[in-house]
Amino acid sequence: MRPLLMLWGCLVLPGYGSVVNPKEISGFEGDTVSLQCTYEEELKKHQKYWCREAGLFISRCTGTVFSGEYGQEGRVSVHDNPRENRFTVILRNLTLKDRGKYLCGVKRLGFDKTMSVSLLVFPGTSLHPATSPPAGISQPATQLDSTSTEDTSFVPSSSSKSRVSIPLIRILAPVLVLLALLLATGLAALGNYMFQRREKAQLASETQKKDKVHLSHLTSEDDEASWRDPKGDMTPASTLPMSGDEPGFSKFSSV
């Protein structure tokens, strides 16, 4: 059981403290918005990307655009700045179809480091084509800076309440692994129990057969002993006279 707990800790604890609500950015149709994501020093040489978050239970990427590339007909670009440990995502000519959740991530071995971002797009108006969105909504060019001294995953900066969301697979993977290990352990224990029970039943059956053979042998010896006299000779059985006849002895007449 102890190895299972250790494995569970290795899978869950590294990203457990980063599971919080996503940050929202917004803009009007036709606007250009940008956001910046920071990363730790050890992730400087890793590839950065921007993608649309898909999947209901397990998060996955669609329409991925890597650093130095342009996607969606040039409307999306990702520019990495290793000197400042941050990369910038620029979204041009927004449309209502662009609304949804996105991932700002860094490729690495195992699980990627990602930040979930919700993009809101409002219908454009002729009165203020490039004005700020309604009150209560974050500005289009919001910086999503995140640094951490305890973990390499994205965390909110001190000047912003941006929060980070880790893909649901980070939570489901340890659960599935633990369930698989518990199932394997249970099946092994059940198989061992059934094997021992079968051996005990087989041993009891063999013992019962031996007892029957031994008892039958003793009964045969007792029957044989009843036919012998104390000297070991066979004792003839007494013959009973036939009904209506006298014993079959020779008759002698006196002289």
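Even glycines carry a Cβ here, placed using N, Cα and C.
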> Mind checking which of CYS10, CYS37 has the disulfide with CYS104 in Swiss-Prot?
Replying inline: CYS37
> What's the CA-CA gap between CYS37 (disulfide bond) and ASN93 (N-linked glycosylation site) in angstrom, rounded?
Replying inline: 21
> CYS104 (disulfide bond) to ASN93 (N-linked glycosylation site): how many Å between their Cα atoms?
Replying inline: 19
> In terms of DSSP three-state secondary structure, what is the assignment for CYS37 (disulfide bond)?
Replying inline: strand
> Counting only residues 6+ apart in the same chain, whose Cβ is under 8 Å from the Cβ of ASN93 (N-linked glycosylation site)?
Replying inline: GLY30, ASP31, THR32, ARG75
> How would DSSP class ASN93 (N-linked glycosylation site) in three states?
Replying inline: coil
